[in-house]
Amino acid sequence: MVSFGGLARKIFGSSNDRRVKTLRQRAEQITALEKNYENLTDEQLQAKTAEFRAALAEGKSLDSLLPDAFATAREAAKRVLGMRPFDVQLIGGMVLHERGIAEMRTGEGKTLMATLPVYLNALEGKGVHVVTVNDYLATRDAETMGRLYNFLGLTVGVIKHGLDDDERRAAYACDITYGTNNELGFDYLRDNMKYERAQMVQRPHNYAIVDEVDSILIDEARTPLIISGPLEDRSDFYNLIDTFIPPLAEEDYEVDEKQKTAIFTEVGTEKVEKLLEAAGHLKGESLYDIENVAVVHHLNNALRAHKLFQRDKDYIVRNDEIVIIDEFTGRMMPGRRYSEGLHQALEAKEHVTIQPENQTLASITFQNYFRMYNKLSGMTGTAATEAEEFGNIYGLEVLEIPTNLPVQRIDEDDEVYRTVEEKYRAIVRDIRASHEKGQPILVGTTSIEKSEQLAERLRREGIKGFQVLNARYHEQEAYIIAQAGVPGAVTIATNMAGRGTDIQLGGNLEMRVRQELSDVPEGSEREEKIAAIKADIAQLKEKALAAGGLYVLATERHESRRIDNQLRGRSGRQGDPGRSKFFLSLQDDLMRIFGSDRMDGMLQKLGLKEDEAIVHPWINKALEKAQKKVEARNFEIRKNLLKYDDVMNDQRKVIFEQRLEMMDEEDLTETVAEMRHEVIEDMVILRIPKDAYAEKWDIAGLKQDIASKLNLDLPVEEWAKEEDIAEEEFENRIKEAADKAAAEKAERFGPQIMTYVEKSVIMQSLDNLWREHLVNLDHLRSVVGFRGYAQRDPLNEYKTEAFELFQTMLANLREVVISQLMRVEIVGEAPPEPQLPPMAGLHIDGTTGENDFDEAIWAEHQHDDRIVPPAQRDPADPRTWGKVSRNEPCPCGSGKKYKHCHGAFE
C-alpha cells in the first residue's frame, strides 16, 4: 500500500528533487557560457578576477556574479588541472554558496566542486576557509587546487601543525586558507589569550566550507577544544586508586553499555571505603561525605577506565603514552587527552607515565566555533540521515546531489550468524572466493583489535598480500587506500569515515607516480614511464571491472547508519560496478546491546544450524530501527550539551569581546575610574547597609577594606562621629580620595605608561579569573544534573547559577584590578650586583675535610673592611674579631670551626 506522502512524492517529486531541478536550470545557464570562455586567452581569463572585484566594489552582489564566476573557475580548472566540473558539481557548488550542505557520493569530485564557491566568495577579499579533517588532506588540496587559484590571481595558504605565529598570520591573510578543524579552533583560542591585536593570527570569521562536515559538526560536536596548563603531580594517588579496581567482583559495580556509564553498587562502595580507610584517604565516616567528593570522582574515573574503555579500540599505548582513537574514523588523535582525570586513570591502568592533570585555560566546542562564521556550508558523502540536526543546530539545509553517472553498486542484504566465530569463518570463506577471482576487496572493521584479529585469521588460512589500515599505521594510509582497487587486493581497514582518498579501480596514477618516479627528473624519460604506468593502470582496471569491481565487506554494523553508508560508498564510484555486504553476529556490540536475545530465541526456533546464516530484508529493517534509536539518543545528548555550552559560550563571547575592546583602547582612565567607583560602592554598602542605624555600621571593617583594596589610610572613624553623615557621604569622600591618589599616580607615570600598566593588569587579572571561572562552571555542570531528582530543571538551575558565578567573577575582577593599580609603582633600575671575588685555591685535607685557611681567607676578603687580620683579634673579646667566615677556625682558640663554636650562636 502506498502512503499519501509517497504518492505525492511520485507525482510531484520530493523537495530535494524540486530544489535540484531549479539549480540544474542555473547550471545549464552556466554551461551555455562555456563556449565564450573557451575562446578567451589565458590573460583574458585571468583578468576576470579583477573585473569581478571591481563589480563588487561598485555594489554588485556575489549572487549576480555567480554564473560568470563559476564559468571562469570551470574554464580555469580545464586549463590548469585538466578537469572539467560536471553540471552536478555546479549544482553542488551553488548549494555551498547558498549556506547548504551538499551530499555528494564518494568519487564524484567534492574537492573540485568546492573550487567554484571558494573562488566566488574569495573575490570579496574577506577570507575563505576550507576545513578538512587532517593535515595531509589540507596540504594536498591546497597544493593541488592552489594551482587553479594562483592562475586566477588569488593567494592560497595552509594551516597545519608546527607553524609559528608569523607563518599562521600569513596563511590567514591569504584569500583562501586550507586547514584542519582542530588547528583553526586552537588558533582562535590562542588569539584570545594574546595581549595585543598585532600578535593575533586570525581575521574575522567570514566563510567556511567544511569537508566531511558530518564528521566535524556531528561526530566531534561533543568534544571541546581545550587549551590547558598542568596542575600538581598526583601520580601516586592515581596509582593507588587504580589498585582498588581489578580485585572487584561483578556484584561490586554496574555497567550500562547503552548509556556508557559505570557505577559502584552498595557492596562495591563498602569495599572501596575499607580500602581507602586502610590507605588513609577516607575523610569522615562515609565515602559520600562532602570532604570525599574528589576521591569519589577519581574512583569513578578508575572504574570507567577499566570497565568501559578497551585497549586497541578506544585507545592504544604508544611510546609510553595513551593515544585516543577516534571511534568514528579509527584514526589516532595524538595530543588529544580526556579531561577531568580520566586520561590519568587510563595511564594508571596501563602502567605508563602519568602526566599531571590540567587546568582549563580556554575552551570551545566545534558547534560554537563554526557558528561564529558569517556564512557556513559543508560537503560530505553522507549527511541525509542527520539532516534534522544540521537544520536545528546550524541552520543548514542538506541537499542530495545526483551522481553524474547512475550508481551500479549492488548492496546485498546482511548475513546474520549466531556467534562471532561463525561470522568470521564465513568472512574468511567469502574473502578467499572473491580474492581468487581477482576482485579487489575492502574489509571494514570497527576497531584496531578486530582488524588485527581478522588479519591473523587470513594469515592462518594462507591468504597473502593483504594490507591492514588502522590507527597504528596512519602514515602509510593514503598509499594503501590508493592501491586498494588493484585486482586481487585485500585491504582491511578500521572505519573509513573521513579518509579523504578515493579508491580507484586499477590503482591511483598520482600516487604511483609519486612513489615510483620520485627520483626520476622531468623530461622525456619520465614522460615515457608515466605513460607506461597509465597503460598498466588501464589494464588493471579492466581486470578489476571484469571481476565485479570493488567489493566492500563489512564485519559489523556501526551505531550510526551514516558510517555504514560511508563504507558502502567506497565502492561503485563514478558509475563503476561494485557490491557491498555486511556480516553480523548476535554477539556484535550493536546486536547485543539492542535486544538480540529475542532474535536469538527466534533463530533457534527456526532451527538455524551452525555456520548457517539468516538473510532477510526484515533483519536489515530491524537493525536500521536500532540504529535510528541510537542516532536519536545521540542527537538528544548533543542538543542537550549544546544548551549547556551555549550558556558558557555567551559568557565567553562577553569576555573575549572585552579583551578585544581593551586591546584597542588608547585611554582607560574612564574605564578604571568606573571600576574603582563600583568597588567603593560595594565596599560601603557591605559595611554601612542602607538605612541602617549607626550602631550597626562596621567602621573598623570599612577602614580595613579601604587599606587592603585601595591602599589608603582614611580617617573613617572621625567621619563616623559627624552628625547626620550618611552612606552616600562616605562613598563620595572615599571616591574623592581614591581618585586623587590615582590621578597623582597617573601624573607620575605619564599617560603612555599608565595606559600600558592598566591594560596589562586588567587583561592578566581577567585571564586568571576566567580560568578559575571555567573550573567553577565545570564543577557546577557535574553536580547540577542531580537537581532533577528534586523536581528542578537542571538546565535552568545551571543558567541561574552560572550567571551568579559570572557576576561574582566580574566583581572579583574589579577588586583585583583596583587593588593592584592602587599599589603599583614604577621601580627604578636595580643597581648592578657586586662582582664576587675570585675564589682562592685552598688545600683540603682528604681525611679530615679541614682546609689550610688563615692568611688565604684574609687574602680573599681583604677588600671587605669588616674583616680583621687574625693577628689583630683578641681571643677573649669577640668584638675585635670583625667578620669571621663560617669555615674559619674560631678566633677563641678552641680549635673548632667558627660555625661549630661561637658561630653557632649567630
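Glycine is treated like the rest: Cβ placed from N, Cα and C.
For reference, Swiss-Prot has these:
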type	residues	note
BINDING	GLN89, GLY107, GLU108, GLY109, LYS110, THR111, ASP502	ATP binding site
BINDING	CYS890, CYS892, CYS901, HIS902	Zn(2+) binding site
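Annotated ATP site GLN89, GLY107, GLU108, GLY109, LYS110, THR111, ASP502; additional same-chain residues within 8 Å of its Cβ mean position, judged by their own Cβ, are MET104, THR106, LEU112, MET113. Proximity of THR111 (ATP binding site) to non-local residues of its own chain (separation of 6 or more, Cβ distance below 8 Å) is seen for ASP141, THR144, MET145, ASP211, given in sequence order.
Long-range Cβ proximity for LYS110 (ATP binding site), meaning a same-chain Cβ under 8 A and a gap of 6 or more residues, is found for GLY92, ALA102, MET104, ASP211, MET379, THR380, GLY381.
Summarising the environment of GLY107 (ATP binding site), the number of other Cβ atoms within 10 Å of its Cβ, over all protein chains shown, is 20. Among the residues GLN89, GLY107, GLU108, GLY109, LYS110, THR111, ASP502 said to bind ATP, no two Cα atoms are farther apart than 17 Å. In this structure, the CA atom of CYS892 (Zn(2+) binding site) is 92 Å away from the CA atom of ASP502 (ATP binding site). Fewest Cβ neighbours within 10 Å among the binding-site residues GLU108, ASP502: this applies to ASP502. According to DSSP, THR111 (ATP binding site) sits within a helical segment.
Close to GLY109 (ATP binding site) in the fold, though at least 6 residues off in sequence, lie MET83, PRO85, PHE86, GLN89, each with a CB less than 8 Å from its CB. In the structure shown, the C-beta of CYS890 has more C-beta neighbours within 10 angstroms than that of any other entry among the binding-site residues CYS890, CYS892. Distance between Cα atoms for CYS890 (Zn(2+) binding site) and GLU108 (ATP binding site): 93 Å, as a whole number. Under the three-state DSSP scheme, GLN89 (ATP binding site) falls in the helix class.
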